[in-house]
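What follows is a set of notes on a single structure, which appears directly below.
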């Protein structure tokens with residue numbers, strides 16, 4: 001293997017492709033990707049949605065740290081931005097951060113910030129280079145809003161973690177409500193649609209760096225739910241579809257939901273946990 005093939009950039013491109021391939025398939029008992037008639041797949045529409053993306057974020061952050069050892073992934077608290085008069089004016093879309101919306105007169109190509117055309121190339125589903133990053137805030141529905149703080153409060157009260165049939169129809173289900181398929185699109189799904197462009201299509205969503213900030217926030221909400229409901233755990237423990245059980249391999253990795261269930265043991269905490277610990281000491 002050449003040095004180029006082992007570079008952080010090459011690894012990150014391969015990682016981004018895993019999101020697309022895992023979204024098109026569900027592993028079977030032999031760890032070969034197969035179609036699932038429920039539309040459930042390795043990364044979405046099933047219980048493994050949250051642990052799969054937690055592992056995905058950890059691998060991405062690890063690649064970044066090979067370039068800059070002190071870097072950590074920030075999260076985008078879109079519920080705070082939802083309270084703004086115009087969320088498109090949030091600091092996250094400044095030219096010195098994520099850059100802004102795509103240009104509607106130029107096929108919605110992003111022309112500002114560090115990921116503008118000429119500075120950032122995106123990948124197609126097959127891994128080939130496919131031009132410039134696109135965003136289309138609110139898309140064709142200009143009434144589309146970001147999830148609110150009330151939406152967040154409501155989802156954090158939902159139990160259990162998940163229920164049969166372990167897919168996009170599961171209810172009540174914290175996972176499914178956070179993923180956004182109950183009375184959807186909501187929460188996670190709604191944010192993808194609100195940003196639009198490459199973020200609005202599952203196989204290409206990781207082309208937009210805001211994807212990782214969005215999913216870091218989703219992971220934060222899962223961590224908060226775990227703190228609020230310490231007596232509740234991941235479901236199904238066993239007996240569910242392969243790839244979704246507590247000790248099943250999450251395609252395309254050897255990692256299981258059990259391996260990533262405790263984020264503190266993985267070496268990180270969120271600011272809400274730090275503040276909670278400080279209040280307890282007072």
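Yeah, the Cβs are placed from backbone N, Cα and C, and that goes for glycine too.
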Looking at 1-42, 43-84, which stretch does TrEMBL describe as region 'Disordered'?
1-42
DSSP says what for the domain 'Tyrosinase copper-binding' (208-219): how many helix, strand, coil residues?
10 helix, 0 strand, 2 coil
Per DSSP, how many helix, strand and coil residues does the domain 'Tyrosinase copper-binding' (44-61) have?
13 helix, 0 strand, 5 coil
